[in-house]
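Read the structure below first, then the notes.
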């Protein structure tokens with residue numbers, strides 16, 4: 001079990017880390033070739049681009065959980081049905097997102113704060129990104145699916161290949177050819193294509209091993225996929241809400257230097273958050289499989305192993321960021337005042353790594369075992385708690401220092417909520433034994 005755990009988790013961590021570096025790479029090349037306007041345009045357009053990736057991640061992970069549970073129960077028909085349902089949802093999401101973003105992309109960018117030349121550059125970037133919608137969705141959705149078919153290494157390899165392609169083409173399109181925003185967006189789209197194609201080929205081969213005949217779209221399976229998909233979708237989107245809330249608070253209580261300092265911190269800590277999410281999502285195939293096999297002791301053992309490894313990962317990154325807190329702002333080109341502020345605040349943000357490690361694994365455990373309502377609380381609770389702390393408590397009491405400590409405080413509170421949800425889960429397990437949940441598939445037990 002331990003060997004299989006690391007075989008799944010380590011590639012998932014690498015894949016998540018590389019997926020989060022796409023925009024950082026774009027920002028690196030654009031910042032040096034286009035300047036501050038281009039960098040601002042990429043940052044403002046990022047939430048809309050991230051929406052595509054979050055949709056793909058949600059659908060892919062939602063289907064992966066359902067498929068693993070069905071595999072654990074030996075339900076080949078359910079397995080094929082959910083795989084077909086995932087394909088149908090991806091097609092529907094592609095059409096819906098394309099129509100919505102092509103129609104309302106410009107007003108959305110303006111609402112996010114783009115003005116003048118920044119808005120013009122952001123529109124150029126977004127329009128090229130939207131041309132690659134099918135590949136953005138496929139690249140993020142197929143990776144969790146193939147991880148559930150012993151394809152963790154294949155998913156990691158595909159993600160790394162796409163990332164390397166993005167770096168090479170960014171250097172070529174932006175720095176050499178001078179294509180600016182369009183070049184950076186084009187490099188990102190091509191990188192996603194390079195990721196999506198091998199994942200699609202791997203999954204195509206897998207479908208021949210599932211029962212007989214081709215896998216067809218199955219609309220009646222979409223509901224169970226979507227119920228689970230809400231959690232991984234939220235995990236992908238919640239960092240954006242956190243960034244927007246903290247950017248606003250930093251602007252109000254500290255000014256431009258504080259915003260710039262937080263931008264550096266956000267870049268540095270984002271990779272850590274993705275690594276921790278990789279631990280949770282990498283352990284999902286095993287937890288879902290054992291859950292489907294009705295082996296609760298095995299499911300719990302995988303979860304506890306994930307807790308331990310996530311804690312080690314968090315501690316290692318706390319040490320690394322604290323030691324490098326002065327060098328990181330310089331790497332991102334922060335000014336003297338912003339660099340000093342970022343170096344001072346970095347250790348404060350690392351306090352939240354331990355609780356967020358617990359929260360990421362707990363969330364993955366809940367949706368891997370199809371306990372969707374507590375998963376929703378864990379996913380969306382961080383942004384809600386942070387909003388309340390920023391709006392009504394800490395910054396009003398201690399100013400900018402309150403902004404910095406709001407996030408780790410919210411994460412600690414969420415960890416306590418997670419402990420309560422786990423306790424409730426254990427308490428109800430015996431009481432609800434033998435009952436059937438109306439929000440799961442494959443006759444899984446209720447929370």
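Glycine is no exception: its Cβ is also placed from the backbone N, Cα and C atoms.
Unlike curated entries, TrEMBL annotations are predicted automatically.
Of the candidate ranges 50-70, 281-301, TrEMBL annotates residues 50-70 with the feature transmembrane segment. For the transmembrane segment (348-368), the partner stretch with the most Cβ pairs below 8 Å, chosen from 12-30, 259-279, 375-398, is 259-279. Among the stretches 12-30, 153-177, 305-328, the one making the largest number of Cβ pairs under 8 Å with the transmembrane segment (259-279) is 12-30.
Using a cut-off of 8 Å between Cβ atoms, the transmembrane segment (153-177) and the transmembrane segment (12-30) share at least three residue pairs, counting only pairs 6 or more apart in sequence.
Within the chain carrying the transmembrane segment (183-204), a Cβ under 8 angstroms from the stretch's Cβ atoms is held by residues 22, 26, 29-30, 42, 49, 124-129, 131-132, 135-136, 138-139, 142-143, 145-146, 149, 151, 154-155, 157-159, 161-163, 165-166, 169-170, 172-174, 177, all 6 or more beyond its ends. Comparison of 12-30, 50-70, 225-247, 375-398, 404-423 by number of C-beta pairs under 8 angstroms to the transmembrane segment (82-104) places 50-70 first.
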